[in-house]
């Protein structure tokens, strides 16, 4: 192979060498030519010499040169021309001499000319030579260049060819080397193969030889081989014969095995066929069973309905006969057993929820009684039954229902199952308190008892009544216990935290679930508490609560198991309890229905006067498997039932009120007997038949109500009918009434329930809509003052119940408001989850953006990350590296990236930034920067109050419409101007001394006891934190941007306003009023309008344009119509943290901006939180037991838990001012129409439901919606207060500030007698006055009295509660009727966990019912809810 290649290369090399030789030869020839070419140098030299010689003659004077030339020419033959010339020049005829011709002048001339010609010719020749030489030289040079380039090209070619040759030679050499190595290997392999062949041959030979040997030597019996050669023929034959025999035997064996194999195959085939037949038969059976199951899919519903029906029947039978309640009802127990399994989870969850929220004392007591009785397992309730026949009996069903909403309570179906009613009450202060409260509340009617059990989840109705009378004393104990319980013992916080962590680890319960259901805290807070528990002595009262709850949680294994169940069921989705599944799917509706049924059953389990109605309703539901049909059946039946009941109730209300009910006097010893009896009757009707009573009020106007309102009312009525409507409804109604107003939108169902229960609450006009309705009924009732008293009592009772609700919200709302953010989309996950992120840089950017936009970490955590402030702070300060984060741990960082890039959507992207303004803006104009100077004049204050109100309410978008419009009315146009104006002022302002300004501002604020929050919100439009920062660390003027200078300009303007302090105080009052109004419905919109200071409606008139403009400097406030607010509230019920889609839908349907909707939700949530806080502080009513459970000691009247009202600050705690100013209006109003007053009061309460925004709806139908406002502005507000805080104001002891307000009767009895609506109004008015009074207004608002009215009242069953005097107000910690307890009451301001639980239950049930109605009216839903 190589040879030919080498030859070809050789040929190429030879050719190349030839070409190179040729090139060299050509080059040499060129060189030779050049060398041979004549040298131009000598010719040049000759030319030069000639030139020299020519030039010489001209310089030679001697003529020598001429002679030489002449001689030279002489030598040369003379040219003819010369001769001719010579001849011509001698015309004379002289002939030259023969030999010598001497030159003459002519000759010289001739020679000169000749010489010159010759020279010229020579020079020409020389030039030509030069030219030719130059041309030849150039050509030669060009040739040389060409030859050089050719030489170079050939050399490069040669080098290239050599290189290629070398490469190819190398490659060929490599190939040859490879071939040689392969050849060597092949040779080696061939050698190995040969060796193998040889070895194989040897083996073959050995094998052959061995075979031969084997053949030759068959084995003998001994196995010895005989050599073949030695074998004889006969032996070989014998061996062969033996082999043949062996072969035959083996063949036989093989045949037998084949036969057995065939048999086995046949048998197995038969067996397989049999099994297949059996399988087919069983699959058919399974299909049939599945069909049956599908056909009986509603079995659970039917079962639960049947259990409810049984419970209701028992309850209805037992309602009239408390004795029956005392005896365990086997059927009821059975029903409950049946009911509980289905409800187990429901119960467990509420129980958990409730238990965490209970006070330690209450928790202990309740848990002891309820929690310990395995609350969660359905079976557990029965044991309580045996212990306490009462509890198992209808009470249990009631509790069961209550369980749904309030787990723990429910579980201990009988609050004191193990103890005798008396023992238990005494033993469990809280329980007794609650149980007694309810028991007392209903003790008289017996129906009510059913209610308390529902609420108290374990109160024995029968014993409760009995106990309720003794209750007074237990109440005192409970209160004391309530106050002291937590402090009684020093807890080892480290040990408790350790045990809790152990339990959580052991049962795989997440801290989030534990915090959500047990402590009511976020995961971050729980983690902090468990990781670093502080010593008990260093904890505040609030700080001790989690440890008390943890201790109670650890006290019963059932709590842990229940929580584990919740963790398992809710793994991964803890949402606010009020969140509901989307209405879209039938499954969701079904689940809502089932939950609602269970909740209703559990809540109303035993006591419904309208049990038949409720029964029919459940049946309807069961019968129609489709959720909508079921709901509609329920609603239809409820409507029919209620209409019938309404008629009866109306008659009863007019007539029964006339009858005096003996129990009522015990309940309200102080009320006038006649009015008392009537009132009691009303109360009982409302309580015992409360459902019907309140429902009647509601129902009268059913036709007038919107579909939503109607459905809600019906559902409430159904609930009331199912359970002891009166008790339940009242409880709810009062709770709702009190809270729903404040929470106007907490849930339509809540408010509506309040509406139906409005009457018990004294808010016959439970809601705006209901209010209108209720007034009619009440108008009729109003005819009798006794009825009014009854209503008042109902209100009081309701307040008691309602009060419970307040706490409910505190416990409930926080969790409801727990940050929930929409989940990340799969695209977002994919985009960011696996992309490496620098968490340090990301958190730095987030912190910068938060700081730049003034967004607090709490809001950022809630809106963007779905985390608590603690978690956000921890994450931003110490971010883990991305690689160390789990998928869950990366989510917050993904959300941060999305937020930074504005990809989270308006809801989250904007919310955080806007929230600060909204949330920070607080009640005063958040965005409209109340002008610095705007410190409003009184009217301005009013306006500002409206501002504050509207701002605050705008936060919740619930400002009363009148106010909103008024406050806005003045400001809207000016706000834009104002914004421009303040900015111009800032731009043109001379340099200010920021330090001195802030110093003066601090001095003014401290001297006048004004809070930074109020100042910031009303004057600067900033949050308290921003104001504190500005005042403590003011930057120099030159370092501030225009925006940063604005607050200092505003401060300067405010300092220059002579009325700045008064305006701020007025604003504070207005703000408090607004807060009260919104929060507790204490001040009706009307009341605000009526009070001069409250004239938020004429804010603009009094405001100076500049102030107005300043106040509006930021943005005009958005005023929402009542319908819009209602729709937003309903949407909030369904989705407190709406998704972007929901926000857009709402904005589209309501024709609002998305920012407006977002801000409304944010503000409303903030308001809910504040209210919850206030409720928490207010949960302990200060009632004077001596005055009656409802009576607050005068001292307590103005207890000032300033913290309770968000607006109250240090300034809030001023000596109460006399609130008699309002008495005048009260008096006239009362005189004018006591009946109306009541109606209006109820209306107002109804209004409260709607919040500030819809007062008009509440008016008497006759009057028109505006009537209540106008007529009862004050009374309404006051009435609200009185209703809310009947204790303080209605208490037997007259209000010190408003002595005239109390009836002599009240004073005498020491009870708040509501016999006179006037007195009631006056009390309420007095409360209003006190509210108005700046000193007390905050305190009043937050004061337990108000609280009482607001939350304590309900809790204590407010002074008005129908509960027996002995019965401790449900809420009053010190239930002892004696005045001594009043003092005790005073100290204990803790939230009553029982009330909280009640509220939670109510909220749960309300939300479920609300969802239910939503599902029922899905077609109409779009108009009013989302």
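Keep in mind that glycine also has a Cβ here, set from the backbone N, Cα and C atoms.
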Completion exercise
Students should find that the DNA-binding region stretch in Swiss-Prot, chosen from 633-692, 1113-1172, is 1113-1172
Exercise for the section: Quick one: sort out which of 315-343, 431-459, 460-488, 489-517 is the region 'Disordered' according to Swiss-Prot. Expected result: 460-488
Exercise for the section: Among 743-769, 770-796, 797-823, 824-850, indicate the range for which Swiss-Prot gives the feature region 'Disordered'. Expected result: 743-769
Handout entry: The annotated region 'Disordered' range in Swiss-Prot, which must be one of 569-598, 599-628, 869-898
Key = 599-628
Exercise for the section: State the residue range annotated as region 'Disordered' by Swiss-Prot; the candidates are 77-104, 105-132, 133-160. Expected result: 77-104
